[in-house]
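Visitor: When I checked TrEMBL for this same protein, it listed these features:
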TRANSMEM  6-24  transmembrane segment
DOMAIN    151-287  domain 'Glycosyltransferase RgtA/B/C/D-like'
TRANSMEM  152-170  transmembrane segment
TRANSMEM  199-217  transmembrane segment
TRANSMEM  229-258  transmembrane segment
TRANSMEM  270-296  transmembrane segment
TRANSMEM  360-377  transmembrane segment
TRANSMEM  389-409  transmembrane segment
TRANSMEM  415-437  transmembrane segment
Amino acid sequence: MKNRKISMHTVFGIFFIFFIYYLLSGLSLPLHADEYEWVGRSYFFDLFIQGDSQNKLNTTYYAFDQPKLAYYVFGVALYPKYLFEKNQNDITSYISFLHLHKLYQDNTQNTPSWNKVSYEFAKQNFLGDWPFTTPCVTTLCPSFELIKMSRIVNVLFSSLTIIVVLYIGWNIYSNIKDSLLLTFLFGINPLIRNWSLQATADSIFLLLFCIGLYLILKLKTNSKLKITIVFGIVVGLCFSTKIHGILLLILAMVAISINLLKSWINKKSVNWAIVCRSLVMMLFIFSSFLIVSYTLNPFLWHEPQKKYLELFNYRSKVSREQQITYPYSSLPSVISRINAVNKHLFGEMLWINNHNKQEANLFVCMFTAGVFVLGLGRLVKLRLQNNNTLVLLFTFFTIYIFMIVFLQLDWPRYYNILLLPFYSILIFGFQTIIKHFPSAYFALKKRFAT
């Protein structure tokens, strides 16, 4: 008999295991150049709570380089230390606090702290492949103190993500064994361990994205409007972390459309009440998204229609420039993107820390692809029995298509949004193997015996 719900003992146990695992892993990872930038821009939190929207920093390159939620989160994490040191040292502002720790950035890149820890200096002192370094190299030590504090925040977010994944598994499989398998496959993946624990936006983004996926499974044509509002808020927060959080909006439209089509097929007629309710749901989701994303980013407060487009156009421009700067990571064509996505999904980099390898092991690729195909087959059979499996199927392929259309650079962290739906389908494949292996084994044994 299946359990009706996940016990709190299981939830807290899983959280504790992964929190310790991520804490030990996160504090031992080498420093990444991007961490200096994400934490160094946490002054945007101070400007936000001070209501200083007219500050010139809100018009600089960093004001629209990335959405600001991650800067706010790191600002919240470091603010108690700032207030403590403000009383102990000659610190007049949060920006001077960042200066003291060699972490302040503005768009001129001519501040004292930037000159002391510049990219050129870092390239000469990094012990390993750029942009990685061993912790606390020479003048990077003061910066790394605050970066480590910010990493602990991401350890917390990553651990919470694991709990969300557990509940997503429960909604898909309705049994604890498969839910735990999904949780552990996702949680110990090297892509999650290596990239979600650094002081960047990836952990915050992934938590919000997974919450969004969980709510998508809850979206029905008869859902209460509060669920749609909460989902819209999550989309707004996710977009305010990284702009491809807008993908959640697309996935929601897909899920609502699936539910709408199923109701038409089942009733063999158009129910205009359900159509109107679906449109209202989309309106509430989009409105909540706009309110949250607009409120959290002062850059959007003036001429918002123009500024929203600028965010997308700028990130597209940066990606094209980075293709020139990092030609070995460039994905200039659809074929190159398909090859890159498949390499990361079906190769051994799905299972081990081997994202720099150019060629995947043939056996691993064939095994993973075989299990995946079996999982797809089982999903197709279950599509009418469990609406969540149909939503899961379309979620995976929507994200997959999104990536082969828009992905410009073969950087490992960009693939994290595919892991959850991909592992979910793999588990259906494992279910098929377990279900049919005994009968297939005995059939083969009988055949060869004769």
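From the backbone N, Cα and C atoms, a Cβ is placed for every residue, glycine too.
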Visitor: Does the transmembrane segment (152-170) reach the transmembrane segment (6-24) with at least 3 CB pairs under 8 A, where each pair is 6 or more residues apart?
Guide: yes
Visitor: If you run through the domain 'Glycosyltransferase RgtA/B/C/D-like' (151-287) with DSSP, how many residues end up as helix, strand and coil?
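Guide: Across the domain 'Glycosyltransferase RgtA/B/C/D-like' (151-287), DSSP assigns the residues as follows: 114 helix, 0 strand, 23 coil.
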Visitor: Restricting attention to the domain 'Glycosyltransferase RgtA/B/C/D-like' (151-287), give the mean pLDDT.
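Guide: Taking every residue of the domain 'Glycosyltransferase RgtA/B/C/D-like' (151-287) together, the mean pLDDT is 88.
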Visitor: Out of 6-24, 229-258, 415-437, which stretch has the largest tally of CB pairs under 8 angstroms to the transmembrane segment (389-409)?
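Guide: Maximum Cβ contact count belongs to 229-258.
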